[in-house]
Amino acid sequence: MEDVVKFIFGIAGNVIALFLFLSPVPTFWRIIRRRSTEDFSGVPYNMTLLNCLLSAWYGLPFVSPNNMLVSTINGAGAAIEAVYVVIFLVFASSRRTRLRMAGLASAVAAVFAAVALVSMLALHTEKRKLLCGIAATVCSICMYGSPLSIMRLVVKTKSVEYMPFLLSLAVFLCGTSWFVYGLLGRDPFVAIPNGCGSFLGAVQLILYAIYRNSGASKQAGAGKQHSGGDDDDVEMASDVKGSNKVAHDVGGAGREDLMV
């Protein structure tokens, strides 16, 4: 019975995670349409690619038995992220951006290759699982922590404009599904990072509940006041531009990468 419940939570985690991986599609459709990456950052997609590669490797039977559901979704995620990285390379807004993306992609490939080769050639059984599990866990926790900047923005602006409810809910459900999956499988390398993800997802939902009406009230109040001058307008425009960039940067990996 425990195995059946574990399988159900694993399937649920796969479905929700796939939604998160595909959430940046509108952003990349815009990049393709405009043939430029504009001010979007490609760093989150490279980091998510590394996370997926390490997690997919960890879930393979010769590394971690009975974790194929971890490999399936992260394998799919790695393929999706690789497409995002290629699009970023093709439509990079400048030569400098393209070179930086190529360098990051090369670093991702090097790190993954190093972990895979060491685990296969120098380690066996439990030591192999330990190395791959630690690498995947550290990377996953970093990925789960990436929305912290957008949460800070929500508290600062008292607005949830840049933290969509459905994505926050998906983060919570995805983290919770994999957390339970890890507990039932008695696998700390699955349970720990996704427990962190479940907690951060819950915090996002709490922030949404607190500030969901504050943005509308603030805009209504601002509409009744006169402009404070050109300096205030420039400062506000700068803040909005910065907020949009943070939202796009966080919305890339911070949303889609959230699994082991």
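Glycine is no exception: its Cβ is also placed from the backbone N, Cα and C atoms.
Summarising the annotation, TrEMBL assigns region 'Disordered' to 218-260.
The feature transmembrane segment is assigned by TrEMBL to 6-31 (among others).
Listed by sequence, the residues of this chain that lie at least six past the ends of the transmembrane segment (43-60) yet keep a Cβ under 8 A from its Cβ atoms are 24, 67-72, 74-75, 77-78, 81-82, 84-85, 88, 101, 104-105, 107-108, 111-112, 115-116, 119, 129, 132-133, 135-136, 139-140, 142-143, 146, 189, 249-250, 252-254, 256-257, 259-260. Marked as transmembrane segment by TrEMBL: 43-60 (among others).
Annotation comment: TrEMBL describes 72-92 (among others) as transmembrane segment.
Taken from TrEMBL, the feature transmembrane segment covers 104-124 (among others).
Per TrEMBL, the feature transmembrane segment maps to 130-150 (among others).
Sequence-distant neighbours of the transmembrane segment (162-184) (same chain, 6+ residues past either end, Cβ-Cβ under 8 Å): 2, 5-6, 9-10, 12-13, 16-17, 19-20, 23, 69, 144, 147, 150-151, 153-154, 190-192, 194-202, 204-205, 207-208, 212, 243-244, 246-247, 251, 255, 258-260. Among the features that TrEMBL reports, transmembrane segment is placed at 162-184 (among others).
Feature annotation from TrEMBL assigns transmembrane segment to 190-211 (among others). Residues 67, 70, 136-137, 140-141, 144-145, 147-148, 151, 154-155, 158-160, 163, 165, 168-169, 171-179, 181-183, 258-260 of the same chain lie 6 or more positions beyond the ends of the transmembrane segment (190-211) yet place their CB under 8 Å from a CB of it.
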Cβ-Cβ under 8 Å with the transmembrane segment (104-124): same-chain residues at least 6 beyond its ends: 42-43, 46-47, 49-50, 53-54, 57, 63, 85, 89, 131-132, 135
